[in-house]
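Everything on this sheet refers to the single structure shown next.
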């Protein structure tokens, strides 16, 4: 019971973090068809910016300004990089962002060093919020939960209730028609790319001190973000949310389960000392996202709630 | 007189001598270069660099069968390189065991022909993994290859008996019967092994592009719908190409297994897959020889530049981005353009244009290298300072920033002007 409740809580929070990270990419991918390889690098930039800003002033300033900075970097990348490559097709765009990920990783290593930086949870939130089964639960995790929910609500409001959101939604499905109506589609693209990167940056601000801020954090998260976007489906924020939640819960529960293959398939005669039998469920946790990715692409290429195929 | 039409028709197909010049001569030149290199008496370091280049040439060429020829962007090509290599390492172990034990098939199998085992292993892996991956081209293919690569490399660390865990599986190449009098002990004998298989790999891949299947793979890249109308199933074409590409990657893996005598699960992971993508693309994916150039350059950078600068990956990333943005033809495209310009009707003008562009690029490079090296030295915090040609360039020196800004502005100005002139001419 204890394990289930904690896994549930942690899984939901991890899932929300994944959603924050990938919601921006879902927007970018659905609209521009660009599967941004560097998206997780923007997440990393967010964490590092937040670290530097919170050293200079406070975490709360960082919470606001770090994502904005990341968004600006993203908009510049779109304007001076992606737009040039766009004429050469999606593969060229994918390759461009692939190179960009290399670049950002190396620049981060030069500026902030190769080791993890000491990006701490703000003191105001550094206390146990409540006690559960004799274990204390940190307040920062609940704060993460609220930020993610606020972001979800804000995103939903902007996309569905404002004029800008409606134009973006229209450009998601009919970019040419929106262009014919006189909207500046390249500028919409730049804005969406910038906002998408800013959302990744926000995830970095929150995730950087929840997890760890080091130059490998981008590489670690990169492929998982793709899984969320592809499994969730093209053009569907709700799908991304669902996929992120499923992933977060599955991974957290897999880590919590203390069992080996031999315990489950013992009735088939699998021995606990054999190589296959001694594999633990927990060690499979990092593989789950990719298994999901491959299965979804093979069985249902449009993803959970996608409105069109990849 | 009866068939004037056929008599007067001009044949568009290349003549025998043209075919010879364009198809056979480059391969002969390649073989001669490979054979002549040992005459110069390379050092041990040089030999090991050359051997690594040979492996990477075949690997990058096999990758280009997918990306350049079939239009399939894969993020997991190292899986086939690695699985082929593991097959070869295990075969090497079997040869060792058999030659000291009771003999059998493996006792008579020369280590020299291990790349065949690699080819078989890679092709088998391609045949198993390929079918579900090749249903669609484009982004779905890229994503499946990414997922498969992550799964296989995670499995690599899990199954110790096959992949050897962290420390991998090692073997000994000096067992079994000798071929061509090569014991494969000293590194210059390994060079002959690598040179032989590099040539075979390049020849095989070239031959593949001349087959109907190779031609159809280009057709399905350009227009899968039309290829389907003509009666070819694009999925089947992609699948077959995928198997062959996996096979040649496995061949490279087999070469690597003999060269290094060890294989670790890292060889299956995303990092080498990304590296081979960079090699093929920087070299030029639309040219047959492109990946060869890319493999040579990147292998050189990997082993030489990493001694000079910690930031060599940054330079690599910059080079890649510049190629993607401004020269999609890669290095081969740049050389091809230069060559065409020199043979065109106004070689002097094109030479001048090239000189101007190169000046601009060099100026920008001076500025960027100074900026990067200065930052690296400063961020290391050892108190070291970037000192090229006796200049002292600390991070807070006026001279440093002058060396960064002045060439940058000049370079950008020159390149912009050159670009405008080009557009004016066109």
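Any Cβ shown, glycine's included, is placed from N, Cα and C.
Heads up, TrEMBL stuff is auto-annotated, nobody curated it.
Feature transmembrane segment, per TrEMBL, maps to range B:141-164 of the set B:141-164, B:165-188. Residues of the same chain lying 6 or more positions beyond the ends of the transmembrane segment (B:46-66) and with a Cβ under 8 Å from any Cβ of it are 37, 72-74, 77, 80-81, 187-188, 190-191, 194-195, 197-198, 201-202, 205, 208-209, 217, 241-242, 244-249, 251-253, 255-256, 259, 276-277, 279-280, 283, 285, 290-292, 294-296, 298-300, 302-304. Long-range neighbours of the transmembrane segment (B:278-300) within the same chain, counting only residues 6 or more positions beyond its ends whose Cβ lies under 8 Å from a Cβ of the stretch, are 26, 49, 52-53, 56-57, 59-61, 63-64, 67-68, 202, 206, 209, 316, 319-320, 323-324, 328-336.
Taking Cβ pairs closer than 8 Å, the transmembrane segment (B:78-100) reaches residues 59, 62, 106-107, 109, 111, 114-115, 117-122, 124-126, 129, 148-149, 152-153, 156, 162-163, 169-173, 175-176, 245-247, 249-254, 256-258, 261-263, 265, 267-273, 276 in its own chain, all 6 or more past its ends.
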